[in-house]
Amino acid sequence: MALVLFGISGLIGNWIFGYIQDSMGRRPAFFIYLLIESIFAIATAFAPTFGIWLACRIGVGFTVPAIMGTPFVMAIELVGPSWRTHVALLANVVYSCTLCLLGVVVWLVRDWRQMSLATSLPFLAFFFYWWVLPESPRWLLSQNRLAEAEVEIRKMARINKRSLPAGYFNQFKTNVEESGDDMDSSRSQPTYGALDLVKTPNMARKTAIVTFIWFTVTSVYVGLSYYAPALGGNEYLNFLLAGVAELPTYFFLWPTMDRWGRRWTLCFSMILGGVACLATLSFQDDYVVMLVLYCVGKFGISSAFVVLPLMASELYPTVVRGIGISISGVAGMLGPIFIPLINYLGTESLMVLPLMIMGGLMVAGGLCALTLPETLHQHLPQTLEEGELFGKDFGYKQWLTCCPPRPNRREHGKDVAQRLAENSDVAKPLVSLTIPSSVTSAI
């Protein structure tokens with residue numbers, strides 16, 4: 001019950017906080033999540049009854065997906081295309097190392113109250129980020145808050161010892177003036193919601209595919225983590241090995257994500273993990289082989305867990321990126337609601353039944369990944385128009401293509417401008433504010 005309610009609260013919180021980060025900004029949204037989570041997490045350790053403890057856990061679950069997702073979105077928006085893979089992998093390397101550390105902490109600190117404090121008090125240190133964490137310049141530009149965006153971009157250029165082109169910010173002011181928007185943000189900015197993700201056919205198709213894969217990845221990742229004690233042997237060791245199994249994924253992902261592309265890396269990872277889970281049906285009585293296949297499955301789903309958020313962030317345009325990630329995340333959070341129940345489906349005669357279900361989901365998700373347009377070497381779409389145009393011509397003939405070449409930056413920019421001119425009636429009108437490569441490379 002605790003795990004199911006934890007998942008339900010995360011589903012609700014993810015939906016709400018998606019709107020918060022797209023309306024208020026990435027930076028203030030993060031600290032709102034952090035405050036809520038810190039209060040409830042620390043209170044958990046002092047709960048006198050199960051009911052109060054459960055209420056505190058629901059409060060923690062309310063913020064967990066958002067407090068993980070918002071910094072990731074912010075990091076992706078702070079760098080140029082060539083650095084997005086590095087940022088995504090670095091964030092997940094730290095996550096996997098901390099997952100291994102969690103196994104050690106729980107083994108050393110057996111009292112659950114002390115363990116709650118040991119895993120929640122470190123969150124207080126993140127409040128010191130208030131003085132160093134910047135706002136996303138892409139989000140500021142999408143809101144026409146040009147003065148604030150200029151401050152952030154100049155700060156980045158100064159710290160990285162790079163110089164901005166002369167008159168660089170004048171192009172944004174000119175575009176805003178031509179669009180009739182108020183640079184002072186005194187007029188209300190366009191508001192966006194979940195319906196904007198499905199109003200146009202290409203965006204609706206991409207949203208549906210990403211959401212299904214997100215549901216699969218989250219369900220299987222959480223499910224395999226919960227399943228570790230059922231393998232037999234030392235449950236602490238099993239959990240630790242499940243975390244260790246994620247570390248080799250980054251040696252695999254670092255070259256493949258920038259060579260194969262996002263689609264094929266995601267597809268291969270999910271199918272590999274799915275086949276490993278399905279193969280456990282033939283080795284139920286062999287603990288060692290079961291553990292090896294389990295780790296291969298964890299390897300595959302962990303790889304997908306890295307690639308999918310990055311690819312989704314590159315597919316959703318800036319003005320609805322937070323909402324898009326949240327919508328897909330909400331669907332993903334349905335998995336942790338049902339996975340604890342699915343894990344209990346395993347019986348003594350068929351303990352691998354949950355693995356069979358998760359393996360089938362992974363294979364299906366991997367095949368769906370091939371139908372998404374490739375995002376490697378592509379600039380992030382800023383507006384709804386750019387989001388609809390991105391991958392619009394991507395058909396079944398391109399599904400099996402791999403290793404996309406690096407495009408010529410100048411020709412790519414001309415192509416985007418031409419397609420925007422030809423499709424000016426797509427979605428809501430909003431000035432196109434694309435950060436040129438001269439700045440993204442400097443960042």
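Just so it is clear, glycine is given a Cβ too, placed from its N, Cα and C backbone atoms.
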Transmembrane segment according to TrEMBL, located in which of 139-161, 323-345: 323-345
Positions whose Cβ lies under 8 angstroms from the transmembrane segment (289-311), at least six residues beyond its ends: 69, 72, 76, 84-85, 88-89, 92, 96, 210, 213-214, 217, 220-221, 224, 227-228, 231, 233, 238, 241-242, 245-246, 248-250, 252-253, 257, 262-263, 265-266, 269-274, 276-277, 279-280, 283, 325, 352, 355, 358-359, 362, 365-366, 372, 375
Same-chain residues near the transmembrane segment (266-283), Cβ under 8 Å, at least 6 residues beyond its ends: 213, 216-217, 220, 249, 256, 260, 289-290, 293-294, 296-301, 303-304, 307-308, 311, 352, 355-356, 358-363, 365-367, 369-370
Tertiary contacts of the transmembrane segment (115-133) (same chain, 6+ residues out, Cβ under 8 Å): 27, 30-31, 34, 37-38, 41-42, 44-45, 102, 105-106, 109
Long-range neighbours of the transmembrane segment (351-372), counting only residues six or more past its ends (CB under 8 A): 206, 209-210, 212-213, 216-217, 219-220, 223-224, 227, 230, 262-264, 266-271, 273-278, 280-281, 284, 290, 294, 297, 300-301, 304, 311, 315, 342-343, 345, 391, 394, 396, 399-400
Cβ-Cβ under 8 Å with the transmembrane segment (30-54): same-chain residues at least 6 beyond its ends: 1-2, 5, 17, 20-21, 60, 62-64, 66-67, 70-71, 74, 113-114, 116-117, 119-121, 123-124, 126-127, 129-130, 133
